[in-house]
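I have placed the structure first, in the form of structure tokens, so that the comments after it can refer back to it.
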């Protein structure tokens with residue numbers, strides 16, 4: 001037993017190379033691949049079972065999709081046709097109204113162009129003549145009245161002077177006559193002429209009355225102007241056109257398109273004759289059989305490759321162990337040869353006691369081993385675990401009562417079971433067991449939740465949830481479709497108005513600007529030439545009749561074209577479409593609707609039951625997989641426990657060999 005050590009020798013190390021980390025990883029990968037293959041195989045089987053057990057539901061849904069699609073397409077198509085025809089009639093009536101309005105404008109323009117010009121000139125001539133006569137009369141009356149009054153005043157002044165002279169002459173003659181006759185009787189002829197008073201007071205009352213101007217103004221007021229004549233003519237012409245527009249507005253577009261009930265709507269089919277699943281059941285079975293065969297072959301090939309790599313990984317590990325052991329042995333031999341030169345200065349005078357550099361307590365020379373010190377220094381946890389297990393085995397016994405050889409055997413067996421590779425196996429096994437326990441807890445919680453959540457009562461709630469979810473999804477999709485369609489219509493309408501009618505808008509604006517400039521230039525020219533003269537108003541009237549009225553009419557027509565040259569496309573109303581679908585459903589026969597509802601109820605109930613059963617089946621499958629993983633973890637733990645009999649066998653063989661030696 002002198003050569004027996006408490007640590008593992010090269011042979012002991014090589015006996016555990018199959019527990020190296022590379023081989024373990026590859027073996028675990030192989031097991032993971034195997035479990036993954038089983039999981040896929042189970043999923044394929046569940047899928048096959050689900051499809052075969054729900055063939056009726058699949059056939060029913062497919063039949064509804066294929067057989068009932070014409071029904072809903074018919075409803076949608078009829079609605080679009082109805083709205084399209086109605087909007088077409090409305091657009092036609094609007095176009096007809098615009099044509100009538102344009103025709104009225106053209107007639108008015110033609111009348112204004114030919115007859116209106118002459119009527120305007122005639123009326124303007126009368127108005128101008130009256131205005132000129134009125135102005136001349138006013139000036140003549142003012143001149144005559146002012147002149148006669150002035151002349152009368154001057155004549156009165158002159159006659160007063162003459163009257164004074166004559167009165168003086170008469171007075172002197174009277175005095176001479178009295179002197180010669182001496183007669184104071186005033187009864188004679190001369191006495192009768194006391195004085196002379198010459199006046200023209202009648203001329204002060206001579207004037208031309210202003211009633212003549214009033215007569216002319218009354219004549220001017222009674223003379224109709226061109227605007228009145230034009231409005232009267234326009235009102236007379238607009239009577240038939242207004243009647244036509246009134247009749248057009250009174251037309252009801254809904255009555256013109258006819259009775260929409262004659263539009264055919266394909267009925268809802270309740271016959272699940274289109275059996276896409278039932279008719280192809282043999283092909284479905286063959287397909288799943290091929291999938292299982294391919295999966296099995298792929299699994300076998302991958303596992304074989306991983307096993308080969310796992311076995312091949314032992315060779316480099318064994319070679320590394322041999323090289324490490326050689327280095328340790330070389331270090332030990334080198335230490336044994338140089339220990340006296342290295343540690344003589346630290347020994348006593350009578351002995352050559354050596355000190356272990358890796359331990360604090362003093363030991364005997366024969367007890368020190370470099371390899372043991374190396375393991376204690378660089379494999380700390382392995383050494384500690386080995387010490388704990390040794391103390392556990394020798395529990396209750398003092399170190400002095402244990403035979404040193406027995407202690408070495410125990411330490412060697414513990415070292416064999418707590419080697420780096422053996423502890424790796426132990427850790428993997430314990431970790432696998434812990435993970436499996438966690439998986440069992442999770443599966444139990446999920447199974448409890450499913451069993452108590454998807455009961456019959458809650459199943460109705462799930463069905464209602466599915467119904468409401470389906471209805472909300474359909475409504476959202478319909479709203480999204482209408483919004484996107486309206487966006488497309490908006491873009492198309494904008495492009496048409498810009499690309500097709502854009503040049504019309506540009507042209508009308510340009511023409512209106514040109515007309516406004518021409519009218520402004522004409523008015524400026526007339527003001528520069530005739531302003532302040534009697535000819536300004538007549539010339540302005542003549543130019544207005546001949547030119548400006550036509551320009552104003554053109555400007556008004558261009559503005560009308562600019563406002564009306566716009567395309568308005570009707571928009572999609574999702575609410576009306578939904579109401580049309582609901583109305584069509586209400587108008588359907590009651591047995592058909594109730595049968596469809598009952599079939600839908602059955603489908604939803606089957607869906608809930610299949611959901612519950614499918615979830616439980618998946619949990620059962622994962623329970624089986626977890627059991628397999630737990631078995632693998634226990635096997636790995638058993639592999640570590642197998643190290644004990646292997647260590648005992650090796651120890652037995654080594655002791656027998658030492659006995660023979």
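Glycine too: its Cβ is placed from the backbone N, Cα and C atoms.
A quick note: this is a predicted structure, and the numbers were derived from the prediction, not measured.
Segment annotation: Swiss-Prot labels transmembrane segment over residues 425-445 (candidates 404-424, 425-445, 446-466). Per Swiss-Prot, residue 87 and residue 609 occupy opposite sides of the membrane [differing topological domain names].
Annotated range for transmembrane segment in Swiss-Prot, selecting from 17-37, 38-58: 17-37. Between the listed ranges 64-84, 85-105, 106-126, Swiss-Prot ties the annotation transmembrane segment to 106-126. Of the listed glycosylation sites, namely 231, 512, the sparsest CB environment within 10 A is found at 231. Ranking the glycosylation sites 231, 252, 505, 512, 573 by Cα distance from residue 490 (N-linked glycosylation site) puts 573 first. Counting Cβ pairs under 8 Å to the transmembrane segment (297-317), the top-ranked stretch among 17-37, 425-445, 630-650 is 17-37.
Mapped onto DSSP helix, strand and coil, the topological domain 'Cytoplasmic' (38-105) counts 66 helix, 0 strand, 2 coil.
The candidate set comprises the glycosylation sites 505, 573. Of these, 505 has the most other Cβ atoms within 10 Å. Cβ neighbour density within 10 Å is lowest for 252 among the glycosylation sites 252, 490. The shortest Cα-Cα distance from residue 252 (N-linked glycosylation site) to any of the glycosylation sites (505, 512, 573) is found for 573.
Separation of the C-alpha atoms of residue 231 (N-linked glycosylation site) and residue 512 (N-linked glycosylation site): 23 Å, rounded to the nearest whole number.
In the three-state DSSP assignment, the secondary structure recorded for residue 252 (N-linked glycosylation site) is coil.
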